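Report on the structure given below.
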Amino acid sequence: IATVDCSDYPKPVCSLEYMPLCGSDSKTYSNKCNFCNAVVDSNGTLTLSHFGKC
């Protein structure tokens, strides 16, 4: 199981770096910051499916 440490988030502004992650909602997030903010918004229901595009 792939995991991402989101303890540093949410951050108000995410960088533009592109390191895609695929969430359990089948959406591709452009980087860890955007993914972690979505995890926080989902109250922890969103998980990482795998690294890379969905």
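Here the Cβ of each residue, glycine as well, is placed from N, Cα and C on the backbone.
Here the structure is a predicted model, which means the values were calculated and not measured.
Taken from Swiss-Prot, the feature disulfide bond covers Cys6-Cys36 (among others). The secondary structure of Cys36 (disulfide bond), as reduced to three states from DSSP, is helical. Counting only residues at least six positions away in the same chain, the Cβ atoms of Val4, Cys6, Asp8, Tyr9, Pro10, Lys11 sit under 8 Å from the Cβ of Cys36 (disulfide bond).
According to Swiss-Prot, the disulfide bond annotation covers Cys14-Cys33 (among others).
Taken from Swiss-Prot, the feature disulfide bond covers Cys22-Cys54 (among others). For Cys22 (disulfide bond), the count of additional Cβ atoms within 10 Å of its Cβ stands at 18 [all protein chains shown]. Taken residue by residue with DSSP, Cys22 (disulfide bond) is part of a strand.
Among the features that Swiss-Prot reports, domain 'Kazal-like' is placed at 4-54, with the record citing sequence analysis. Per-residue confidence over the domain 'Kazal-like' (4-54) averages out at a pLDDT of 93.
What Swiss-Prot records for Asn43 is N-linked glycosylation site. Listed in sequence order, there are no same-chain residues at least 6 apart in sequence whose CB falls under 8 Å from the CB of Asn43 (N-linked glycosylation site).
Spacing of Cys14 (disulfide bond) relative to Cys22 (disulfide bond) is 17 Å (Cα to Cα, whole number).
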